[in-house]
Amino acid sequence: MSFILPSESIDGTHPCNGLHMNGQDSLVQPLLTDFYQITMCYAYWKTGTHNEPAVFDVFFRKNPFQGEFTVFAGLEDCLRFVENFKFSQSDIDYVKKILPENAEPEFYEYLETLNGSHLTIEAVAEGSVVFPKVPLLTINGPLAMCQLIETSILNLVNYASLVATNAARFRQASGWKIQLLEFGLRRAQGPNGGLTASKYCYIGGFDATSNVLAGKLYGIPVKGTQAHSFICSFSSPAELKVRLLNHKITNEKADLFQISMEKRAWLLDQFSWKAALSEVSDGELSAFVAYAIAFPDTFLALIDTYDVIRSGVVNFVAVSLALHDLGYRSMGCRIDSGDLSYLSKELRECFVKVSTLKGEYKFFEKMSIVASNDINEETIMSLNDQQHEINAFGVGTHLVTCQKQPALGCVYKLVAQSAQPKIKLSQDVTKITIPGKKKCYRIFGKNGYAILDLMMLEDEPEPQPNQQILCRHPFEESKRALVNANKIIKLHNVYWKDGEMITPLPTLNEIKEHVNESIRSTLRQDHRRYLNPTPYKVSVSERLYQFLHTLWLQNAPIGQLE
């Protein structure tokens, strides 16, 4: 099975993204579902309700990571899934095996006819900041067909939105000047988890990935250095088989190792290092030279294999100056262990000293320092408090596995059937659904930031700027406010109707830009802060409030006491 590039096509007409494989070998296909979706589909068909028009909302109840915002992601994957939805003959044969023997054969004929042509999908733009209870997608169509796609839709939205949000939080913590590199493939939950993580970490705010396949499939910049094993593979200069490097301008060959040795000896005489020559590893120097010969224009060395201060930085500077003599410029160094703040400041101090040795070494004071080593949000904020000198973070485990919260918890709920509203009740008020087909708006105040999201019944007149709007908490009667909107944005667009895309889909880079813009222009700083962020308000109109509570009372059983 081979992955298809985003610009390529399964059948010559329909583009396909990297989550999908050739034809019915796709990872995302009709049988990527829970068994009870198929049993419910059969029950709907058996009772003749399978074609009744239905409306389902996809939403979540609580923002992840103890924060107050979520980044919506996975919309294109959902649309591609619906676009390519079709049971194969082998799918039908398998369903026959798992359903009871007395299931009517006509049901399988019905399954063969199913596709996404009768569905209508409205959604928030991918990459938007979203909040609890507001529908991310609203799916209209035949009841059974809507039911069949539930699990797949949730699978495509839940993790994508979770990891994109996690990436956005890392970006918020690090600031906008730091480069963020996603190094999570080896720690991800399987190959598809790794690909999904790379894609959605990129839109969430990361600059590049180490995942080569993600780079191929999605056009994400690919970055990487070397592992400790590469450094350890050289024990002495005798193992360095190639030492010559062509000068970048003159093309004359020079012995890079010999020049590096001379630079190292010269450096140790120039100022007081925290290292003696006897402590500096010749094997490490050999490894750096080998890598520099292979990549003279992009040399970035891992310097903590033995000792950052007593060996790594000395060898790195020596090789970098040797490269400079041959017309090349090193990119920087990486540290993967130890006290990252202390080491980064020591490295920067060293680089500044080197930059003063000769005018032509001025570039060294800006040499890039990359840090990795199990980095999370808290680590970055602590490093910020310590005024670190790091230019880039390589983040893996805590990013792609979302260790702080492993699931978002999106749900897929029936809100209308045959034009009749549907409501799910619960003793836990937060789990009561908001019934009916709705339209949603984002209300902005005079300071330019969003005040709240407002849900209204579909047939209500649109709210207007500069007019007071009564906004109510869905469940708490006393929480209400009159809002004078400076600007109002409708949140949903129709993306899929009558078997085709209605709204053009943005590129990955356009989604990435939208995430950045959505967070910075929508949310006040107090909504974004790490500790005790201010909750963002999600409200309902007066009519929807009354509608919800009337339906709630109509459906809630009346208890009897004796």
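Each residue, glycine too, has its Cβ placed from N, Cα and C.
Residues Tyr36, Thr225 are recorded by Swiss-Prot as nicotinate binders, and the candidate that the same record lists for that site, out of Phe72, Phe81, Phe183, Phe271, is Phe183. A C-beta separation below 8 Å, combined with a sequence spacing of at least six in one chain, links Tyr36 (nicotinate binding site) to none of the other residues.
Note on the binding-site residues Phe183, Thr397: the fewest other CB atoms within 10 A surround the CB of Thr397. Across the residues the record lists as binding nicotinate (Tyr36, Phe183, Thr225), the two Cα atoms farthest apart are 47 Å from each other.
Of all the recorded positions listed here (Phe183, Thr225, His228), Phe183 has the Cα closest to the Cα of Thr397 (5-phospho-alpha-D-ribose 1-diphosphate binding site).
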